[in-house]
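Encoded as structure tokens, the structure appears first; notes follow it.
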């Protein structure tokens with residue numbers, strides 16, 4: 001060994017020590033998770049919920065678009081019809097052990113019934129506990145869109161009311177009268 005190699009080795013050791021000491025006084029990148037909350041991105045896609053209208057009815061009309069859009073097929077539902085003609089899901093089931101939280105179900109939903117929340121703490125010990133039913137998914141509020149009501153916006157007729165008589169609804173147009 002010559003002097004050049006010894007000086008180079010000592011310099012390498014001193015540089016390593018300086019790097020360790022410089023990192024000792026910096027803020028840590030690691031968070032103690034349960035005590036310190038993890039900062040989430042503004043558009044983080046977490047747990048899926050079903051929302052309600054401003055009137056309190058559930059928004060889902062059981063159109064099955066969310067189940068068709070789901071790439072892993074973790075959503076299943078069965079359509080039923082109320083006395084007034086409005087559709088609703090008789091059962092709505094999401095298997096979160098298969099869900100990849102892609103958000104395609106939220107994009108496909110015409111009524112904004114399905115919404116993804118920033119909640120990510122869904123760990124369970126048994127796989128069966130990750131299958132959520134409609135009662136587990138329904139929340140009491142309207143979610144991200146508080147004033148949206150599908151039946152008011154879409155212009156669907158309500159049984160017992162003539163067309164054009166609802167609030168902010170234009171009178172129906174007779175298309176045969178405007179034909180050439």
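A Cβ is built for glycine as well, from the same backbone N, Cα and C atoms used for every other residue.
A quick note: this is a predicted structure, and the numbers were derived from the prediction, not measured.
Marked as domain '4Fe-4S ferredoxin-type 1' by Swiss-Prot: 48-80. Taken from Swiss-Prot, the feature [4Fe-4S] cluster 1 binding site applies to 60, 63, 66, 109. For 70, 99, 102, 105, the entry in Swiss-Prot reads [4Fe-4S] cluster 2 binding site. Feature annotation from Swiss-Prot assigns domain '4Fe-4S ferredoxin-type 2' to 90-119. Feature annotation from Swiss-Prot assigns region 'Disordered' to 160-180.
Locations of recorded Swiss-Prot features on the structure.
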residue : record                          : contacts (Cβ under 8 Å, 6+ apart)
60      : [4Fe-4S] cluster 1 binding site : 50, 77, 88, 89, 92, 109, 111, 113, 114
63      : [4Fe-4S] cluster 1 binding site : 87, 110, 111
66      : [4Fe-4S] cluster 1 binding site : 75, 77, 105, 106, 108, 109, 114
70      : [4Fe-4S] cluster 2 binding site : 104, 105
99      : [4Fe-4S] cluster 2 binding site : 48, 72, 74
102     : [4Fe-4S] cluster 2 binding site : 45, 71
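Neighbour counts of Cβ atoms within 10 Å were compared across the binding-site residues 105, 109; the minimum falls on 109. In the three-state DSSP scheme, residue 105 ([4Fe-4S] cluster 2 binding site) is classed as helix. In the three-state DSSP assignment, the secondary structure recorded for residue 63 ([4Fe-4S] cluster 1 binding site) is coil.
Within 8 Å of the Cβ centroid of the [4Fe-4S] cluster 2 site, not counting the listed residues 70, 99, 102, 105, the chain contributes 48, 66, 69, 71, 72, 74, 75, 100, 101, 103, 104. Each residue in 61, 62, 64, 65, 77, 105, 108, 110, 111, 113, 114 lies on the same chain as 60, 63, 66, 109 and has a C-beta within 8 Å of the C-beta centroid of that [4Fe-4S] cluster 1 site, without being one of the site residues. The domain '4Fe-4S ferredoxin-type 2' (90-119) scores a mean pLDDT of 94 in the predicted structure.
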